[in-house]
Amino acid sequence: MRRLVYCKVVLATSLMWVLVDVFLLLYFSECNKCDDKKERSLLPALRAVISRNQEGPGEMGKAVLIPKDDQEKMKELFKINQFNLMASDLIALNRSLPDVRLEGCKTKVYPDELPNTSVVIVFHNEAWSTLLRTVYSVINRSPHYLLSEVILVDDASERDFLKLTLENYVKTLEVPVKIIRMEERSGLIRARLRGAAASKGQVITFLDAHCECTLGWLEPLLARIKEDRKTVVCPIIDVISDDTFEYMAGSDMTYGGFNWKLNFRWYPVPQREMDRRKGDRTLPVRTPTMAGGLFSIDRNYFEEIGTYDAGMDIWGGENLEMSFRIWQCGGSLEIVTCSHVGHVFRKATPYTFPGGTGHVINKNNRRLAEVWMDEFKDFFYIISPGVVKVDYGDVSVRKTLRENLKCKPFSWYLENIYPDSQIPRRYYSLGEIRNVETNQCLDNMGRKENEKVGIFNCHGMGGNQVFSYTADKEIRTDDLCLDVSRLSGPVIMLKCHHMRGNQLWEYDAERLTLRHANSNQCLDEPSEEDKMVPTMQDCSGSRSQQWLLRNMTLGT
């Protein structure tokens, strides 16, 4: 029996080394130019081959399911970082991941002489397992000759294991890992600036502290910067479940935009961008904005373009500020579809903001609007009137930067880079739509696409009660338009399609009526059955069918 077990072990070991030999033979047959000094992608690829034989929780990106007996403990641990800490701690720090790249990406060959990079990771009270899994994924899946260093910036963490224990641990890793300590809680923006200032690489790559890099993630980013140093590049951001840590591939068919409130949003890649790439999905996507957590930028260009706005606090808005600045000042922003990095997306943040989240984000957004949005800032202020009340500090240095860089106006950005923007360039009215009879206002109620528009007491605080009556005669709330598909309604909010039809409304500035062209009915007050939604009725000229549109300029 023992002899049989021994034979099986020998056979299994032999098979594994045969596979390694075959891999090496195939690799070097394609790599005549490789030298010993530059390992190219050999070690990361070899690690990936070996990792496919690993078994254990979360391997190959599979979900980790916690037994029922441990559910209560799991829920308590979840509160610490707002993700399933129990699941994360069960997963190996160097777990294997699936290769989620497009097939065309797997055969791409990149230049030998690529710039190297410093990877800057900011953390604050991060979990040990997610932080170290981020670091390991960078080291194990990056050619070391391209990896100048990993810089961990501790934004005043309070947990003991992130002090001396972490310092001693990173000394054992294969590449230089430097830890920088912020003296006080400074936020992502200032911590990244500190890390960038200490970096030595030709390129700076910023990552969040709960990421996992996949095979071949780095070379496509650096190759694109080598082609054009003024191109700022982002990987496709894959989703790591905050509940199970399952690894799910992100889409190469989405890119970054923003809504009326200047919140970053993902939108489908438009047909014009597909046409520009001639249908080749392995080519980079030009994106109007970036999510901001994960990107690479030439270190000198980072300085030339103005780094981050140091007047912004913590985080929020800095990604749009940098996106506008890059495009308006002669650079470009791309999603490199052959690069994949996973990110733990949390439903809530475990951190508190000095002054509150709303105050911080309002200040940051006010700064970016004042410097970069020109006359379109007034549109944003109507949507978010609370922003105007915030002390946003001195932006004269940033305005001087814009002048020195000879940056283009925001209208150029909307017309040339983001023509699909939800901001209407021409509109007759922007603000509340108030019913004369009830003195109530249309309200989107925070509802989503394919739900009914509501009506509520007017509050004068913008937000959900801001509608635009556009030059195309749509009634818009952000990227949704009021749509009526049948007689007597209901009035539904659907994606604006710009094809008129069910979304065409005629406003009579004398009678104050909003007539739906297709049904020939008028928007009316709510019925007794549901006092929270407007109705569609035959036009009668009654006060209940009269609506006051704020700042109405019909005919301009």
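Our numbering is plain: 1 for the first residue shown, then up by one each step along the chain.
Placed from the backbone N, Cα and C atoms, the Cβ positions cover glycine too.
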Exercise. Which cysteine out of Cys213, Cys234, Cys329, Cys338 is the one Swiss-Prot pairs with Cys105 in a disulfide?
Worked result: Cys338
Exercise. According to the record in Swiss-Prot, which candidate from Cys329, Cys481, Cys496 pairs with Cys407 in a disulphide?
Worked result: Cys329
Exercise. What is the disulfide partner of Cys522 among Cys496, Cys539, as given in Swiss-Prot?
Worked result: Cys539
Problem set entry | Among Asp154, Asp155, Asp378 - the residue Swiss-Prot places in the same substrate site as Arg185, Trp315, Arg346, Tyr351 | Asp155
Exercise. Can you pick which of His124, His340, His343 Swiss-Prot lists for the same Mn(2+) site as Asp208, His210?
Worked result: His343
Problem set entry | Distance check against Trp315 (substrate binding site) for the recorded positions Cys105, Asp208, Cys441, Cys539, keeping those with Cα within 10 Å | none
For this session: Sort out the sequence-distant neighbours of Asn551 (N-linked glycosylation site) for me: same chain, 6+ apart, CB within less than 8 Å of its CB, listed by position.
Result: Ser429, Leu430, Gly431
Exercise. Distance between Cys338 (disulfide bond) and Asp208 (Mn(2+) binding site) at the Cα atoms, whole Å?
Worked result: 19
Exercise. Which whole-number mean pLDDT does the model give the domain 'Ricin B-type lectin' (428-550)?
Worked result: 93
Exercise. Looking at Cβ-Cβ distances, which residues of the chain lie under 8 angstroms from Cys458 (disulfide bond) while being 6 or more apart from it?
Worked result: Glu432, Arg434, Asn439, Gln440, Cys441, Gln465
Problem set entry | Beyond the site residues Asp208, His210, His343: chain residues whose C-beta lies within 8 Å of the centroid, for Mn(2+) | Thr130, Thr134, Leu207, Ala209, Cys211, Ile240, Gly293, Leu294, Gly342, Val344, Phe345
For this session: Have a look at the binding-site residues (Trp315, Tyr351) and report the one with the fewest Cβ neighbours inside 10 Å.
Result: Tyr351
